[in-house]
Structures are given as C-alpha cells and as structure tokens.
Amino acid sequence: MARAVGIDLGTTNSVIAVLEGGEPTVIPNAEGSRTTPSVVAFAKNGEVLVGEVAKRQAVTNAERTIRSVKRHMGTNWTIDIDGKKYTPQEISARILMKLKRDAEAYLGEQISDAVITVPAYFNDAQRQATKEAGQIAGLNVLRIINEPTAAALAYGLDKGEKEQTILVFDLGGGTFDVSLLEIGEGIVEVKATSGDTHLGGDDWDQRIVDHLVTTFKNQHGIDLSKDKMAMQRLKEAAERAKIELSSAMETTINLPYITASSEGPLHLEVKLTRSEFQRMTADLLERCKGPFNQAIKDAGITVNQIDHVILVGGSTRMPAVVDLVRELTGGKEPNKGVNPDEVVAVGACLQAGVLKGEVKDVLLLDVTPLSLGIETKGGVFTKLIERNTTIPTRRSEIFTTAEDNQPSVQIQVYQGEREIAAYNKKLGMFELTGLPPAPRGVPQIEVTFDIDANGIVHVSAKDLATGKEQSMTITGGSALPKEEIERMMRDAEAHAEEDRRRREEAEARNQADTLIYQTEKFLRENADKVPAAEKANVETAIANLKKAMEGSDVTAIRSATEQLATESQKLGAAMYAATQAAAGGSSGSATGATGSASGSAGKDDEVVDAEIVDEGEK
C-alpha cells in the first residue's frame, strides 16, 4: 500500500512529513532543508524554479518570482508570465510538486495520497482552491484539515487518557488562527475556532520595509518603492531583521549599492531596535486579540480552564507575540516542546495515518469556521449551519416563495457572520425551476446544506410538491471547472517532463564535457606514444561531439559521446598493444640477465646453501 504524506502548505514555507514505522518523520528536501520556501519563479529560459533556488534569484528576477501565493487562494488573482495566465492553484501546485518529488526521492517510492492543511479560518473557496492545487500536482487529496487541529493532533496523541483543553495560537507567514480543542482518550475535538486570513509574518516584514523606504527617502530624496529590484532586497533584509530581533535587542540593516543618484551609488544602513520594531507593529499585535476573545467566547470557557498553550507558525517566535499570548491566557507559559515550523505537517501525516488505518483509536472532530446560509427576502442572511458546528454535518430547512405564481427560486449561498447577505462571502448560486403556479407562501422548498470532512459545502434544493431537485457543490469564488483542473494537470505534467528533459540534457552535456576534457588531456600527455591512425579517429570524434553540443538534441549528444568513448577505448587498446610489443622485446633481454645471474649464483654455493644454525644445536 502506497504511503500517505501530510503537507503543511504554508504562506512562507512548506513542510512534508510521513509515518516511518508508525512515527512521524519530516522529510528533508533535495537541498537538505526540512522546510521549503513557498516561492515559485519562472526563469528567463522558461525553467520553473521552486523553493530555495527560486528565493535566491528573486532579486534579479523580481517580476517573475511569486511568493506568499497562499494569500490569493480562493480569489480571481492571476499572474501573467510570457503571455500565459497562472492561477493561485497552479502556483501552489508547483510547490506541492517539488515537495512530492523530493519526498519520492527520499523514500524511494511513489507518493499519491496526501492530507493537506489549511488555516482554520479559510472559507469554502479557499479550501476548494487548496484541494485543486493538490489535484493539479498529481496528488489524491485524502482530506483537507485545519492547521491548529493538526498541531493539536501532533501534540496530544502521546498525552495519555486525561481530558485536556488546549489552545492553539497559530501565527504563520500570512494567516492567523486561534483554536480551542479538547483532547482525551484518542479524541481530538475542536470546540471553537476564529482567525484572520490576512494577518501574518509578511505584515510584520512589510512594516520594516515601509520604515526603510521612508528613512531612505528622508535621507536621499529617492523613493525605493518604485524600484522592484531594490524592493526585493528590502523584503529579504526585513525578514532577516525580524528574525534577528527575536533573539537580539538591536540589528543593523546594511544594503550596499541599493540604488544610484547623479553623484554615484547609494548605500542603505539603518539601525533598528526591538522596541522600535514592536512600536511600529503594535497595531498588528492588537489585531490578534479579537479572534482570541471570539474563540474563548464561542467555546464557552474561561482562560483559567485552558490546560496547555501551543504556539504554531514561525511568527510566534517573536518575543512580543509570546508576551501577548502569556497576557491573554492569564500568565500561562506556552509549550516549548513543539517545533512551530513542523508541528502542522506532523499532525497532517498522523491524520493521513488515521485515514489509511495505520494509526488506530484516534478520532478527529473538526468544525466549520464560518456560518453558512442563503439570502432570503430583503437581502437577509438566513443561517442554516452556525459557525463552530462539528463536521461532517447536514442541515435542512423549508423555505417558500415570495411572489404569487413564482416559476422558480434562486438559491444564493453565503458564508460569514453578517446579518445582511451581501456583506458576507458569496459562495455561489443556482436555480430551482419548474415550480407549479401557486400563491406565495404555499410552495415548500427544502434547502439542504451538507458539509463534508474537508469543510467543502454541497447544497441542494427540492420542491416537496413535485419532487424536483437541484443541487450543487459550491464552486464559487476561485474554484475551477473540472476541465480546467485537468488542463492544468496536463500542463504540470508537461512541465515535469520539460524539467526532466532539461535535467537529462544537463547530465548529457556534463558527461560529454568530462569525456572531451579527459581525452584531450590524455592526447596531450601521450603525444609521442599515440598511434597516428587512432589519434585521427579520436580527434574526429571530439569534433563531432563538440558540434553535437552546439545544439540541444540529447540523443545526438549521447550518440556522439558514445562514439568518442568507443574511439578512446580503441586508442587505449592500440597504445597498450604497442607498449606490450615494446615490453616483449625488452623482456627477452631481461630473461637473459636473469639467467646469467642464476648462473653466477651457481658458482658460489656457499651463498646459495647458507643456513642459519641455532646456537643451542651446536
């Protein structure tokens, strides 16, 4: 049975984990790192770069480098590269393909099944988009689970039978979630969740970038925000400074040759203290309080009832965030035994193990983060499923017509907490037609909402008089038609094929280069010993291989390489034969010399027959 993996598809970094002998193991990528930057770049030569290599070239290729694409999931955002529009799903799929490829190389086997995590506060469109990204990457997405739930699963499985209340405070690169869970006797139950899908470490970085731009403008009168290459350098420097300020009280941001004026090159050097940084990001920290209080209220508990606090996401390493959590939880010390970067992927792979039957006696009960309902007369949002309802779930309600002889009803589906439908997130709409003429208020239309374990919504409407039914799986917002997903999968496969061809070409060229170098070196060093005929053949083969390398036909390069290898072997054989022949003549005289030596030895018997006699035998 193929193994299933758990993937934390993050805004800034992504992680993949697998169960090895029942124990979760984080899989290092091809570069040897346990986290992979969620960065995708399209090189000028058409090559698609993912991870660390994409991040490294971002400064010189800013316009064709995409980072933090998770923030665009579930929207109509696209990026145009060489006349082709890419959706957030396609860009995310590149990251997933890199994780999948590296994991397959590490494990030595194919991977098809995966559990992928999303922020708890992701709406339906964002979840659907994540599932589609997995499909485009060639993965069978077993389940979409919430990041805080995965973290609690990773933390709580070995904590025994005692029931505990756990708070997961998850501040990642681009999203923020707070979840309250109860863990005990193998059951992980989410009681409440709240969050902000547009708050994360990126926002802290941006404050430093804004500060640097303002400082530089005041000093030199030049606005760096107009220079894409400079902005890319500022972003990287801001991220480094933020990380440094988690352990140091002060850091210096030093960027030589950031731009140039009429007088010559200009350099940026700015000192930033931790207190300054905390001052300029105080409002971001303040935004964390709302979702925290909401989750506590929805769970119907007090902070005193929280047994453990788990910090998830790299941004929770900031001292100000740790202090805030301590303050909000009444002085509780956050758990230090959890790696905030890896715990989500570990939980995801445990859930994959549960679904595959490898992990026994574990039940995961998750919730829907936002209320679901439809628009009714007057633009009112009528909720059918309240937020924090345990999923999977199914709810039905009877509605009627607003006009006499109404031939059809339009069902508009929304997700959110506002009383007026238009202020919530519209997930989609469909129409139930063919209603028989009747006065208003008479027809009975049953609307049913069904949320599966992935948190993805299915809606149906049925006229109870005629039995006519209309249903839909919500594909509003960003969700892609099936044909579009299939096209993107083909594209992704074609790119994988293209990457494989590029790799093969590079390997063939390296092999050819090495052989040419070694052969030419051999010819130079043995110029006086090489037979003329074989030398001419080898030189012709070298010329043919160099000509083949001017093109990009891998078969031609390989064929010419083989030809040169064959001619080199013939040359070696000819040289060996010539050396043997020469050695044969000289070995005859050597034998004569040996014969005379033994002859002379025969004349002196004392030397040959001498024996060592033990003193005791005399």
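Residue numbering: from 1, along the chain as shown.
Glycine is treated like the rest: Cβ placed from N, Cα and C.
If you take the C-beta of Thr175 (phosphothreonine) and look for same-chain residues 6 or more apart in sequence within under 8 angstroms, you find Thr11, Lys70, Arg71, Pro119, Tyr121, Phe122, Gly195, Asp196, Thr197, His198, Leu199, Gly200. Annotation comment: Swiss-Prot describes Thr175 as phosphothreonine.
Counting only same-chain residues 6+ beyond the ends of the compositional bias 'Basic and acidic residues' (492-510), those with a CB under 8 A from a CB of the stretch are 46-48, 90, 93-94, 97, 101, 136-138, 549, 552, 554, 557-558, 561. Positions annotated as compositional bias 'Basic and acidic residues' by Swiss-Prot: 492-510.
Residues or ranges marked as region 'Disordered' in Swiss-Prot: 492-513 (among others).
According to Swiss-Prot, the feature compositional bias 'Low complexity' maps to 579-601.
Residues or ranges marked as region 'Disordered' in Swiss-Prot: 579-618 (among others).
For 606-618, the entry in Swiss-Prot reads compositional bias 'Acidic residues'.
Here the compositional bias 'Basic and acidic residues' (492-510) has, by DSSP, the following mix of helix, strand and coil residues: 19 helix, 0 strand, 0 coil.
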